[in-house]
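S.K.: Sharing a structure below in structure tokens format, with a few things to ask.
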Amino acid sequence: MLVLVAGVALVTAARSQHWGPFALDPQLDNPFLDRPQYVEAGSSTDEAARQAAADGDGNAAIYERLAKVPQGIWLTPEDFPRGQVGDHVAEIVKKADDEGDLPVFVVYGIPDRDCTGGFSAGGLSNEDYGPWVDEIARAAGGGDAAVVVLEPDALASAIDCDNRSERVDLIAAAVDSLREAGVTTYVDGGHSSWIRAGDLAPLLKEVGVDTVRGFATNVSNFQTDADERAFADELVELLGGDVHYVIDRGRNGNGASDEWCNPSGRAFGDQPGYVDDSTRLDAYLWVKPPGESDGECNGGPAAGGFWAQRVQELAAASGW
């Protein structure tokens with residue numbers, strides 16, 4: 001039997017001798033234990049499923065099945081700029097609260113984004129990044145519960161892109177903003193085939209990963225569950241404290257190849273879900289929607305675009 005002990009922050013009310021109110025710290029407990037993950041209506045996969053059904057497309061059932069699997073809700077400044085992103089997040093949080101579900105957002109707007117790959121290049125200026133994240137934090141923290149996976153690839157690529165100091169400062173400020181808003185946060189930590197745990201751990205420490213729930217691995221990649229758990233557990237040992245993690249398994253059913261951008265021959269991973277085994281692993285997730293392209297490579301559309309042919313291939317390889 002697992003016994004969860006929730007941490008509390010004690011706040012004294014002015015002109016009162018009583019302790020209270022008592023506020024639960026969202027970074028202390030596994031958020032996936034108490035709520036199912038929210039499934040976004042209107043995602044690119046959901047829209048493809050609706051259109052396929054309307055057109056009588058024989059693949060509609062595959063798209064519908066995929067659309068029902070909880071996946072990350074990506075926030076980019078190109079799609080949701082300042083002045084709009086907060087309303088978008090607040091609307092999703094409200095819907096999730098009404099259903100008793102947990103939305104998982106992916107914040108992806110760091111300056112010089114995708115500096116190693118280029119297919120998702122873009123992001124904000126240094127001056128605009130902080131206010132954009134603050135808007136997300138306020139909206140995500142305004143509901144009962146929300147999770148953020150913070151900036152895929154940003155720390156792992158900082159060494160290669162020679163912008164370590166800038167990246168650390170920006171992500172550390174984002175960590176502070178999300179934590180102060182009460183949003184359960186996992187800082188992205190690359191994957192097992194990209195960066196050594198010993199090189200990544202100092203970066204995670206510098207951005208304050210120990211002040212939030214933990215880190216995420218394998219986002220948008222294909223490494224196996226076993227390889228990622230070994231990598232993440234090594235990070236946990238190096239980081240110390242009570243750091244936890246999540247793993248993206250959306251497309252790791254056949255493991256990885258030598259390519260990272262729309263490689264062929266892959267398969268869906270096992271279904272996402274929480275983990276309650278007394279380890280530091282909180283959940284397996286599908287952070288990257290498997291139906292969306294990595295970029296204009298290997299025949300795929302622009303990054304984030306729904307790719308029907310690849311969905312059909314992934315489904316066939318997965319026995320769907």
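Each Cβ is built from the backbone N, Cα and C atoms, and glycine gets one as well.
Caution: TrEMBL annotation is automatic and unverified by curators.
What TrEMBL records for this protein is below:
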- Trp74, His191, Trp194, Asn221, Trp260, Lys288, Glu292: substrate binding site (BINDING)
- Asp153: active site, proton donor (ACT_SITE)
- Asp294: active site, proton acceptor (ACT_SITE)
S.K.: Name the residues of the same chain, 6+ apart in sequence, whose Cβ is under 8 Å from the Cβ of Asn221 (substrate binding site)?
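M.R.: Same-chain residues close to Asn221 (substrate binding site) (Cβ under 8 Å, separated by 6 or more) are His191, Ser193, Trp194, Asp248, Arg251, Asn252, Ala256, Trp260.
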S.K.: In Å, how long is the longest CA to CA span across Trp74, His191, Trp194, Asn221, Trp260, Lys288, Glu292, which the record gives as the substrate binders?
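M.R.: Overall maximum Cα spacing for these binding residues reaches 22 Å.
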S.K.: Specify the secondary structure state of Glu292 (substrate binding site) as given by DSSP, simplified to three classes.
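M.R.: DSSP assigns Glu292 (substrate binding site) to strand.
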S.K.: Count, for each of the binding-site residues His191, Lys288, the other C-beta atoms lying within 10 angstroms of its own C-beta, and report the residue with the smallest count.
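M.R.: With the binding-site residues His191, Lys288, fewest surrounding Cβ atoms within 10 Å: Lys288.
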S.K.: I'm trying to understand the geometry here, so how far is the Cα atom of Trp74 (substrate binding site) from the Cα atom of Asp294 (active site, proton acceptor), in Å to the nearest whole number?
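M.R.: Cα-Cα, rounded: 13 Å.
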S.K.: What number of additional C-beta atoms lies within 10 angstroms of the C-beta atom of Glu292 (substrate binding site)?
M.R.: 23
S.K.: Please report the distance from the Cα of the residue listed as 'active site, proton acceptor' to the Cα of Lys288 (substrate binding site), rounded to the nearest angstrom.
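M.R.: Counting only the Cα atoms, the answer is 9 Å.
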S.K.: Enter the number of other CB atoms within 10 angstroms of the CB of the residue listed as 'active site, proton donor'.
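M.R.: I count 24 other Cβ atoms within 10 Å of it.
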